[in-house]
Amino acid sequence: MTQISERFLVQAHLDAKQPRTLSPAEQARYRADIAAELKKQDAVLVAHYYCDPVIQALAEETGGCVADSLEMARFSNNHAASTVLVAGVRFMGETAKILNPEKRVFMPTLEATCSLDVGCPVDEFSAFCDQHPERTVVVYANTSAAVKARADWVVTSGCALEIVESLMDNGEKIIWAPDKHLGRYIQRETGADMLLWDGACIVHEEFKSKQLEDMKALYPEAAILVHPESPEAVIELADVVGSTSQMIAAAQRLPNKTFIVATDRGIFYKMQQLCPDKIFIEAPTAGNGAACRSCAHCPWMAMNTLERTLQCLREGSNEIFVDPALIPHAVRPLQRMLDFTQAARLRQAGNA
C-alpha cells in the first residue's frame, strides 16, 4: 500500500469497530428519531452507495439521496434544504460544503477519511504539479479541498473518461491524481498523455485476478462488473468497467442472472433493490495465503452508523468547515465538472 502505513490501516479498523448490533425495535426507534430531527432542522440526508444498507434506506425514506459521489454533489447543490448531512467519507462532506458554502454541512463522524485522500498530501502534490507547469491538473473527487483547489478539473469515475477525452482533443497533457489504477485505465482507454500520482484505494486494490478467474469458472454464466479503481489484471477480466452508478445500470441492463462484483459490497443494497431476481457475489479479496484488510467494505464508510447520525443531529457536532480562502479555488474545478456533465446529459437527451 503506497504512502499509507500499516499502523494507519490498523488504526482505521480499530476506530471503525463493528457497529453495535441493534434490535429491530432499536433500529426503528433510531430511524424515526433521525427522520424527526431531519425535518425539524430543515436537513437532508445524502448517502453514498458504499454506506451500510440501513443508512441508505434511511436516506431514501426521508427524501434524501443515495448515489455516487458525482450525484451526491449535484443533489446537495440543487436541494433546497439549509442543512446537508453527508453519510460517506470526509471529502464528500467537504465537496458539499465547497459547493454550498451558505449551508451547514454535517457528517456522522469526521474520522471517516479515504486512503486516496490521505495518500495525496497537498504539499507533496503541489510540488509535483510545480515541476510540470505545462500540464493540466486533473484530480479525482477523492481528494482534500486543498488538493482540489490546486487542480484545473475535478472528476469522478463516472465522468473521468469523457473529460480526459475532451482535454486530449484540445491537445492538453495531464497530471492525474491520486488513484494510479483509475489513471492507468483512463490512459489506456483514451491514449492521453498522463503523469500518474501513486495512490490506491484500500478496498479496490485488494481484488485478486487469479481468484476472480477461479470464481468465474464456478459461475461461468456470471457477468463480471469491475470498478476502475481495481488493479489492471482485475479490470482485464471485466465484462463491464464503470463507476458505481454505471455498474448498477449494467446489472439492470444485462440479461445475466448472476453478477460477480468488484467494488465495495455496500453497493449490493441498491443492486438487489433494483434487480430482486438477480444474484450478486463479492469478487474475491484474498487467496493464496493473503488475508484481506478491507474485505470489500471500506472501514471508513462503516463508521456511518444510526447512533452517530442521531448524535450528530442532536448535538450539532461534526460540522464540516472549509477554509474560506480555498473555496473560490476549489469550487472552480468542481463547477467545471458539473457543467460538463450537465451539458453531456442535455446532449444525450437531445439525441434520445
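Each Cβ is built from the backbone N, Cα and C atoms, and glycine gets one as well.
Here's what Swiss-Prot has on this protein:
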BINDING   His48, Ser69, Tyr140, Ala141, Asn142, Ser157, His227, Pro228, Glu229, Thr244  iminosuccinate binding site
BINDING   Cys114, Cys201, Cys298  [4Fe-4S] cluster binding site
TODO: Do me a favour and check the Cα-Cα span between His227 (iminosuccinate binding site) and Cys201 ([4Fe-4S] cluster binding site); whole Å is fine.
DONE: 11
Open item on the list: I want the residues beyond Cys114, Cys201, Cys298 whose C-beta is within 8 angstroms of the mean position of the [4Fe-4S] cluster site's C-beta atoms, in chain order.
Closed with: Tyr50, Val89, Ser115, Leu116, Asn142, Ile202, Val203, His204, Asp264, Ser294, Trp300, Met301
Task: For His48 (iminosuccinate binding site), the number of other Cβ atoms found within 10 Å of its own Cβ - done: 27
Open item on the list: Whole-number answer please: how many Å between the C-alpha atoms of Tyr140 (iminosuccinate binding site) and Cys298 ([4Fe-4S] cluster binding site)?
Closed with: 18
TODO: Around the Cβ of Cys298 ([4Fe-4S] cluster binding site), how many other Cβ atoms lie within 10 Å? Please give the count over every shown protein chain.
DONE: 25
Open item on the list: Please give me the binding-site residues out of His48, Asn142, Glu229 that lie within 10 Å of Cys114 ([4Fe-4S] cluster binding site), comparing Cα atoms only.
Closed with: Asn142
Open item on the list: Tell me the Cα distance separating His48 (iminosuccinate binding site) from Cys298 ([4Fe-4S] cluster binding site), rounded to the nearest angstrom.
Closed with: 12
Task: Pairwise CA distance, His48 (iminosuccinate binding site) versus Cys201 ([4Fe-4S] cluster binding site), rounded so that it is a whole Å - done: 16
Task: Length of the line joining the Cα atoms of Cys201 ([4Fe-4S] cluster binding site) and Glu229 (iminosuccinate binding site), in Å - done: 7
Open item on the list: Return the count of C-beta atoms lying within 10 angstroms of the C-beta of Cys201 ([4Fe-4S] cluster binding site), excluding that atom itself.
Closed with: 25
Task: Asn142 (iminosuccinate binding site), number of other Cβ atoms within 10 Å - done: 30
- [ ] Would you count the other CB atoms within 10 A of the CB of Tyr140 (iminosuccinate binding site), including those on all shown protein chains?
- [x] 29
